[in-house]
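Contents: one structure, followed by commentary.
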């Protein structure tokens with residue numbers, strides 16, 4: 001029995017290697033800061049050249065200003081949803097520079113985790129940096145991070161949840177199912193669009209249960225509860241608190257979208273569909289990897305990315321998220337965490353590098369082609385004009 005247990009522990013350590021790469025605590029933080037510091041410098045430079053007005057960060061700061069710490073009258077609770085991001089804004093007093101610093105730090109943490117995944121899957125250094133360049137050098141990153149801290153935080157938590165969901169389904173790790181649920185529970189209290197993903201995951205609970213090997217009596221309902229209960233409990237608690245202290249339980253819903261279905265149901269659906277088409281067109285790494293997994297019949301590995309794409313489209317349609325960089329970043333991070341191949345050959349790494357370079361070109365070209373219908377395209381043109389006149 002002992003001879004069997006030792007290799008299992010070794011396999012478990014290797015499976016978790018992504019969380020400890022680099023192995024040194026000091027080197028991990030040097031890597032994170034090595035990405036975060038120049039990212040912060042670029043974000044600060046961009047906001048100085050092109051001052052921003054009426055951004056998501058401004059609205060977040062306004063919500064944070066409503067919080068009165070230590071007050072017995074909680075009249076404000078229905079107006080600050082999602083509360084965790086509002087609380088963070090209140091703590092830093094809505095300071096724009098602090099928001100940029102936090103966004104840059106989150107990008108550093110995501111980059112270290114993404115690099116750890118690619119190194120664990122034995123990507124060579126050229127392929128690793130080519131893939132990460134599609135994040136670091138994309139206009140979507142700086143557009144979103146300079147104006148929407150809430151989305152950057154939500155994106156990080158969503159990727160943590162989807163990474164855990166993929167491990168839960170593919171490796172049949174019950175522990176990671178709980179981690180996915182907890183991450184989603186925190187995410188819905190940070191970013192209002194995250195509840196869409198929770199609803200989708202709960203709805204496909206039976207499929208997830210079957211793919212993860214949980215086939216016992218009541219396994220379908222149990223799987224849906226494990227994955228969605230933390231988020232539903234957090235949301236239900238805040239609705240109850242809002243009703244108790246303000247008699248305005250529906251005030252929380254106004255924090256989800258304003259307005260719902262922007263442009264009408266049909267117009268919003270067309271805008272969401274157009275955004276999906278352009279997001280896929282600018283993400284060849286994701287599109288090719290997803291298609292290959294589908295052709296090989298690896299359906300378990302497609303659960304997390306499918307949930308993400310459907311949730312992304314529904315969020316845009318409902319109006320709980322506006323187009324502007326989030327979709328592009330979500331797809332490249334999904335490629336890295338969920339869809340990237342294990343031990344790609346030199347030839348395949350060459351194809352990955354070529355696809356990454358093509359993606360980087362498309363990330364700049366397609367928003368400009370879309371004209372005024374693309375917030376990123378308009379932002380890039382304004383930035384170019386501000387720099388070069």
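Every residue gets a Cβ built from N, Cα and C, even glycine.
What TrEMBL lists as transmembrane segment is 29-53 (among others).
For 90-111 (among others), the entry in TrEMBL reads transmembrane segment.
Counting same-chain residues at least six beyond the ends of the transmembrane segment (123-145), those with a Cβ under 8 angstroms from any Cβ of the stretch are 35, 39, 42-43, 46, 100, 103-104, 107, 111, 114-115, 151-152, 285, 324-326, 328-329, 332-333, 335-336, 340, 344, 346, 349, 352-353, 356-357, 359-360, 363-364, 367, 375-376, 379-380. Residues or ranges marked as transmembrane segment in TrEMBL: 123-145 (among others).
Positions annotated as transmembrane segment by TrEMBL: 178-209 (among others).
Taken from TrEMBL, the feature transmembrane segment covers 221-245 (among others).
Annotated transmembrane segment per TrEMBL: 265-290 (among others), in sequence order.
Per TrEMBL, the feature transmembrane segment maps to 302-320 (among others). Counting same-chain residues at least six beyond the ends of the transmembrane segment (302-320), those with a Cβ under 8 angstroms from any Cβ of the stretch are 158, 162-163, 165-166, 169, 192-193, 195-197, 200-201, 204, 207-208, 211, 256-262, 268-269, 271-273, 275-276, 279, 286, 290, 293-294, 326-327, 330-331, 334, 338-339.
With a threshold of 8 Å between CB atoms, the same-chain residues lying at least 6 positions outside the transmembrane segment (326-343) that come near it are 110, 113-114, 117-118, 121-123, 131, 134-135, 138, 140-141, 144, 148, 151, 155, 158-159, 162-163, 166, 275-276, 279-280, 282-283, 285-286, 289-290, 293, 301, 304-305, 308-309, 312, 316, 359, 363. The transmembrane segment annotation in TrEMBL covers 326-343 (among others).
Per TrEMBL, transmembrane segment is recorded for 350-369 (among others).
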Report summary line: Long-range Cβ contacts under 8 Å made by the transmembrane segment (90-111), restricted to residues 6 or more beyond its ends, are 31-37, 39-40, 43-44, 47, 57, 60-62, 64-65, 67, 69, 132, 135-136, 141, 145-146, 149, 152-153, 155-156, 159, 333
Query raised in the report: Which listed range (29-53, 221-245, 350-369) shows the maximal number of Cβ pairs under 8 Å with respect to the transmembrane segment (265-290)?
Result: 350-369
